[in-house]
């Protein structure tokens with residue numbers, strides 16, 4: 001490559017450490033380029049929602065800085081316009097910094113500062129500085145964690161909660177549809193007293209609804225922002241009123257229930273609020289694991305499994321066994337749940353990395369929480385639309401299991417006692433007879449321990465599903 005070619009492909013930028021060659025068409029500048037060269041680790045960049053949150057902060061800060069006399073009006077307006085474009089996703093390709101970078105997220109904060117400064121400079125026709133103007137009254141140490149909380153709050157409230165409510169509604173509809181489908185209950189994967197399929201689906205719907213409740217309970221801590229605390233939580237280099245004003249502006253622009261941190265030192269030195277949210281995401285994942293596994297068990301077969309329900313056939317299940325169809329959506333749910341559980345372990349470890357006034361694993365917290373929210377939101381809708389809505393109950397098969405379970409002997413305890421009832425159950429299993437047959441053959445009715453009517457009432461499997 002000739003010097004002339006080099007000049008066409010690159011330009012020279014400067015920062016406090018000296019000169020840096022930057023791709024000629026890049027909107028970023030020196031500090032971003034240093035980060036690109038320092039962290040060629042995963043190839044994973046910030047989530048789109050995270051870039052948007054950073055840009056919303058920059059736009060709001062410019063507006064408030066102008067109102068408080070920190071920035072000239074024309075500079076602030078140019079920054080606001082540039083930040084709006086970044087928030088809309090028009091410049092995502094100019095955010096190349098790897099997620100695995102400096103633990104404060106300074107590289108990504110400077111990436112935002114530099115891109116917005118370049119765009120604002122092009123608009124204004126004179127220099128807009130990434131630090132002096134775009135980052136005015138701010139520090140990476142309050143901006144970056146605030147951006148994580150903004151992005152996560154938006155993702156939880158706008159994506160995940162509606163998706164979970166959608167799934168809960170689908171499960172609730174099936175609960176009503178299957179209200180009279182009696183089946184064998186199972187504990188320890190062994191036969192137990194009867195339940196209805198509707199009761200089971202009602203339980204699944206409740207699990208999902210309670211997940212929404214847990215998210216709602218943690219939301220106030222997630223929506224607290226350390227913005228305005230700057231370097232260490234003291235608010236150094238901010239004008240009076242900046243913190244409250246900039247958070248109010250971000251809340252207005254985003255429509256999110258954002259509030260100023262009650263204690264800026266907690267809000268920058270610790271990440272407990274988002275660790276709590278990650279724990280709620282893990283709990284939801286655990287619940288979805290239980291639901292997905294139950295669906296797989298009940299649909300197992302078609303000949304040698306339980307076959308109490310059918311799931312929709314979505315795709316061929318085997319490259320060698322013709323006609324085989326597998327429960328692909330529940331399996332995808334299980335993998336998402338495993339990923340979310342692993343993400344939470346990462347977030348917990350990263351959350352413990354707060355030393356004195358700053359947590360230094362912020363980018364990896366952001367990556368894992370936002371990924372967990374996205375995965376759970378997508379897979380919840382898929383589970384509802386492509387599996388739950390199409391489930392069909394095999395009523396006769398389910399009732400047959402319920403009636404053949406030795407545990408239906410349980411209501412006879414009050415007539416013949418626990419020990420005699422246990423003998424009946426064991427004999428029924430050994431001789432492959434029904435409980436009713438063994439009771440009659442053993443003479444309990446003839447001896448007057450109970451009447452035939454009482455026996456029939458006690459062995460009504462649907463009646464057993466209620467107190």
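Heads up, residue numbers simply count up from 1 along the chain you see.
Glycine is treated like the rest: Cβ placed from N, Cα and C.
Record features, source Swiss-Prot:
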- 104-106, 126, 129-132, 139-141, 187, 319, 324-326: substrate binding site (BINDING)
- 188: active site, proton donor/acceptor (ACT_SITE)
- 318: active site (ACT_SITE)
- 331: site 'Important for catalytic activity' (SITE)
- Going by C-alpha positions, which of the recorded positions (188, 318, 331) is nearest residue 131 (substrate binding site)? 331
- DSSP three-state assignment (helix, strand or coil) for residue 129 (substrate binding site): coil
- Query: Distance between the residue listed as 'active site' and residue 325 (substrate binding site) at the Cα atoms, whole Å?
  - Reply: 7
- Give the residue from the binding-site residues 106, 139, 319 that has the most other Cβ atoms within 10 Å of its Cβ, counting over every protein chain displayed. 139
- How would DSSP class residue 139 (substrate binding site) in three states? coil
- Task: List the Cα distance (Å, whole number) between residue 139 (substrate binding site) and residue 188 (active site, proton donor/acceptor).
- Result: 55
- Item | Per DSSP, three-state class assigned to residue 318 (active site) | coil
- Could you work out which of the recorded positions (104, 131, 141, 318) has its C-beta surrounded by the smallest number of other C-beta atoms within 10 A? 318
- Query: In which DSSP state, out of helix, strand and coil, do we find residue 325 (substrate binding site)?
  - Reply: strand
- Message: To the nearest Å, how far is the Cα of residue 188 (active site, proton donor/acceptor) from the Cα of residue 104 (substrate binding site)?
- Response: 47
- What is the separation, in Å, between the Cα atoms of residue 325 (substrate binding site) and residue 331 (site 'Important for catalytic activity')? 12
- Message: I want to check the contact list for residue 129 (substrate binding site): same chain, sequence separation of six or more, C-beta distance under 8 angstroms. What comes out?
- Response: 117
- Query: Distance between residue 319 (substrate binding site) and residue 331 (site 'Important for catalytic activity') at the Cα atoms, whole Å?
  - Reply: 17
- Out of these recorded positions, 188, 325, 331, which one has the fewest other C-beta atoms within 10 Å of its own C-beta? 188
- Item | Cα-to-Cα gap, residue 106 (substrate binding site) vs residue 331 (site 'Important for catalytic activity'), nearest whole Å | 39
